[in-house]
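Worksheet for the structure shown next.
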Amino acid sequence: MATTPNKHAQALRKSNKNGSFGAAGHQQFLSNLHGMQGNAPLLSNGNNQQRNIQQNQKTRKPFFMPYMSLDAVNRGLANGDLIKGVLRVNQRNYEESFVDNPMGDEQQDILILGVHDRNRALHGDVVVVRIKDRNCWVVRDALHEAWRSGNLKARVDDNGKPLTIPPIKRSDYEIELSAAELLDLPTCVDKCISSEKLKEDVPVTKNRRYSREQMLCIAAKLELERRKRVTDDNSGIDPVILSTISKLAIVKRIDSPTSLPHSGASACGTSISSLGVGATTRRNGTSTNGSVQRRSNYRILSDMPDEDWGIPDMCLQKTAEVVFISEQKNCRAAVGMLKMMADGNRNWALFSPGDSRMPRMMIPAEQTPASFFDRPQDFAKFIYVARMVEWQATAQFARGKLYKSLGMAGDIEAETEGLLLANDVDTREFSQAALSSLPITEAVEWKIDEKEFKYRKDFRDETVFTIDPSTARDLDDALHIKPISDCDGVGNPGWEIGVHIADVSHFVQFGTELDHWAFSRGTSVYLVHKVIPMLPQILCEELCSLNPDVDRLTFSVVWKVNDQGEIFDEWFGRTIIRSCCKLSYEYAQDFIANPEKDFIPSELPKIFNGKKSDEVKEAVLRLHKIAFILRKKRFENGSLYLDVPKLSFTLDETSGMPNGLSVGERKEANFLVEEFMLLANIAVARKIESAFPKTALLRRHPPPKIKMLRDILEKCEKVGFAVDGSSSATISSSLQKYEGDNELKRTVVQMLTHLLMKSMQLALYFCVGSLKNRADYAHYALSVPFYTHFTSPIRRYPDIMVHRFLSAALGYSPAPGLTVKEVETIASHCNDRKLTARTVSEASDDMFFGVFIKECGPLTERAVVIQVLDASFDVLVVKYGVVKRVYTSRLRLAREPRFVEGPCPSLLLYWDSTCDGSNAAIEQVISMCTVVEVVLSALPEPTKYQAVLKQPVNGEKLLSLAEVVASLN
């Protein structure tokens, strides 16, 4: 019997009140490692050292701003002065962070430049930010150029006001100075000072304060006077004016005044350097802490000439600073290496995380391995796990606690353990208290209770079977189809089709210890070589897995349909099935590819329940036919699928190292299963939303970020691949134009898919009562008004919740006694865990790919350029679907590359051809969609690899992808 909703609600509210939904009985190690509330105690060698540190910190000049008080934050959020959002740190450049713009998807994300303005917040944290002054906003170069040239495709600014008029071009100024005279004048002088101004005298002020224009006039007059009589005697010049003029002196650049500065820093006090944490900068480019600042690829409005300060807001990107951390979503754990402090201080070691988004940490000496300070080189090959315990405003480095040594860097098990710990993935064995929630502890002891047969529909005599990957052990869905004489109520023949899902909610009861464990984990985590399950093995692989030739409890959706895929009846209910066969996708695909073939038993898996291979094959073919029609209708109705290739590794049985690699290909058998799972999810979503219009748990997919999508589509059009982005349907139909059997055409779709994915938002679980507008429930990619997850309860906690809502809607159990806020809390937690599982899975793929390259590389592969920066560019390695950055500093170039800005920027590479005995210069233009060859090779860092551009042969014509495809037509 299900536990009463009140009991579960009380347990959930109690967990919420305590600030944690985690399972009870965490080990001390994990509770410390994954703790999210407050700061851990200070680590020290003793009370005296701790007092000294605290006293020193009080007297130090702060590196960071103190956080605002909670009251001030709440007031700022209420009146709109502050903005709350999730912090996203760029993995390739930790000095770039972003939060979503609350003004909507039409606006550019808000940019946080530098570690100083990030103010100790970490990737994934919920932060409160304050928008910086307008003169600190970043100039968007392409839009700035369009505005200057009068080609900006807009009439109103972001604030709805008419756009400002572009300034008069420099060539329109009347300047009566020769070219020789202008050459050495300060840059601003030849733009701002006319000949008439130079003839006027500058009045002497009492306080010796002059306007910018007056100072420039004085500078120009002095320069012209100097040329008439060269002298070193400056005694007649006011020393205050002379000092000020010297600061105004600007060396005239050869390039245009709109080119990027190569040095200096923001005038807004933002540190945009990777050197010196928290250093603020002045207008003249010097750092307040004396360190040299490296300029990033940004122009701040304050760096622009005065004539450009009227630039519209739409040509700028807002910048902000973090003033408060609302929720520490990041677990503050990291994997990395131990190093000596740069100054040789033996009281502390420096922990350097492998993830650049995590800060370096100071580790107390007593936590380091014995003899570390005597022979630090002996520990350079080991990786450790550490957790940040505090980061005070006066401290340049965070302070951490070292927990354990994971082993040798590059060892797959050590690296995997670190990956799981750093992402807060619970890998413990299930506690006895959690397992005691189950009716039995051994699968062989369990039999279906007779009372279940009294209210469940029995499908054991039907041809029910599963279709899954060949390695799958958690089989949570099965299918059946049979002909019926009346599908529409008027005597027309058709089909009964059933989707049967493991009834996990029968075993995982509301509010039990096992339920808390499942909720805390949220989802199973799939790595290349193993799975971290959400549920105990006895459920995943036995009681809930729909294995062949055993009775299993299921929750089913059954339809009556005709040959055209029209649905006339829909039934939901609890059922009992007995699968006759465990098919892999490969077996099912064989049936579809060879419909006339008579398969012999040795070609198929074992079939039970007295069923014949012909019956199974015929069922698969019938399902495939209807699935094909349903899929066609779905895409005609606007569904969009962006297929991202999935790497598949073969592993050595002894070492576990990858020795083979392929890219998974989705075929008709995959589409068959997918179509009926989607159909079931959509049907259940409609059912529970109707029954629980305030508390149902659904899944929505917001539309793409409009501004980002528009920018991507403009770039695609400029390189020859037009995509209509007005809706999911038009995007889908645009992609279909480029589909085909030719490898190059598939490459086009792969490239466009990757670019479009950047603008897509994540699908999210949510409580329907948390949104005011029902239109926001919709799923953009599937183009349906309601959607949820019902079909994978073994590996996803939201599916278990949906089963409970469906059970209540059908009258099997009371309604879950949860408020809108409590359901939304569950949804939010599951969103976090799902994103974490995806991150870990992708990192595992990347790690094994790096090991594969080390073992089997280097590999030379075709790639397509998808993004160009000033000193690097990103390529999509077509064969593997991997995106990698190519750095020009690693190429054999004769001189520095030249970066050409614009809507579609390009890099001009000048290859060094002397190494092959040729003196002929080889120039190569790298722009979006350029087809290149790259060499993938291992780096000295274990599991890491690089992509290096292969030098073209002199005279070789380099084509863009559009030109190559056009040549085939």
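Cβ from N, Cα, C; glycine included.
Here is what TrEMBL records for this protein:
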type	residues	note
REGION	1-55	region 'Disordered'
COMPBIAS	45-55	compositional bias 'Low complexity'
DOMAIN	456-812	domain 'RNB'
BINDING	D468, D477	Mg(2+) binding site
SITE	D476	site 'Important for catalytic activity'
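If you average pLDDT over the domain 'RNB' (456-812) in this model, you get 94. Within the set of recorded positions (D468, D476), the lowest number of other Cβ atoms found within 10 Å of a Cβ is recorded at D468.
The Cβ neighbour count for D477 (Mg(2+) binding site), using a 10 Å radius over every protein chain in view, is 22. D468 (Mg(2+) binding site) carries a strand DSSP state (E or B). Classification of D477 (Mg(2+) binding site) by DSSP places it within a strand.
Across the fold, the C-alpha of D468 (Mg(2+) binding site) and the C-alpha of D476 (site 'Important for catalytic activity') stand 9 Å from each other.
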